[in-house]
């Protein structure tokens, strides 16, 4: 073997050794599922395995952030070097609640076991779990459909009189920002990675149904706004107060985007600021419509179907939160961070107020405004029938 051949062989061996060492060092332990639900006094199993060959034995110690909620068997084990076997760990639910199971090891192997964690939910009843799922789907459908009674009413009347334009302006901005937040966290990997860095044991809060709902809500609101350009609207317009509020929101969004673009804050923070604007809009967006109904002493032109569906969705959403809090003994999710529950309650209270306006306060005005139940086509048909002048009705829009 000449010198050049010997040198080439040596280089190849060094390269193979480097690759093997790199693979060994990059190999980690992980689990087959990071989220598990177990019933009280029942068992569930998760598996620990290596995503490559380890170059040394790794001692793993499993711990929880709440010792009295569940039992782990085994709580400690050694994962052997070069093994591809699965290590089974049995979880026994002892007390309802949300528990995080995390792994620890010696300093040399902490990086290897960092992906060994499980979010465990100990539930009291499987029936309550299924009931919660049903509630979730029903309120998702109710909220999604709630946009269409107003669209249909506008189309049927060929008029948007009675529908407040400030409400529409706030709504389209709110749902646009909500869509940005959901799409960003669901589709953009850089934002997902940043979220994982900040909340290593957390789960992405945005799911596919959130993305679908927000985009659909934005689309339906755009349809309603387009109707305002083509149908009778009298002297209605967006108020200067609404323009001022929207200008403030625009400054917040633009400044936040500039800070994110200049790397002063992360783009994830920009999305959070957008979500805060959306929450603010949720609180105030119904006020202009309620005031308009009060000044007109009528709900004509404002679809009660929208309110009834929104009330159904909001009520079921709160019931689901209460149901889950009971099933998982997690009342802190409501009383410790009341934002979500409070916003749902606030919206439902507004729905109740609108129902009182429609069915109680301005009931006689609604009954006398029969034009809301008559389409332009009906008017044309009756005109074509050439009835006597005394039988011709006057339509109000």
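Placed from the backbone N, Cα and C atoms, the Cβ positions cover glycine too.
Judged by membrane topology as recorded in Swiss-Prot, residue 192 sits across the membrane from residue 363. Swiss-Prot records N-linked glycosylation site for one of 43, 381, namely 43. The N-linked glycosylation site entry in Swiss-Prot, when matched to the candidates 86, 384, corresponds to 86.
For the ranges 127-147, 190-210, the feature annotated in Swiss-Prot as transmembrane segment maps to 127-147. For the topological domain 'Lumenal' (324-340), the mean pLDDT of the prediction comes to 79. For the topological domain 'Cytoplasmic' (148-167), the DSSP-based tally of helix, strand and coil residues reads 13 helix, 1 strand, 6 coil. Away from its own ends, the topological domain 'Cytoplasmic' (232-239) comes close to residues 158-161, 163-166, 169, 288, 397 of its chain (Cβ-Cβ under 8 Å, at least six residues beyond either end).
Here the CA atom of residue 86 (N-linked glycosylation site) lies 18 Å from the CA atom of residue 43 (N-linked glycosylation site). Listed in sequence order, 32, 47, 48, 49 are the same-chain residues six or more apart from residue 86 (N-linked glycosylation site) with CB atoms under 8 A from its CB. The secondary structure of residue 86 (N-linked glycosylation site), as reduced to three states from DSSP, is coil rather than helix or strand.
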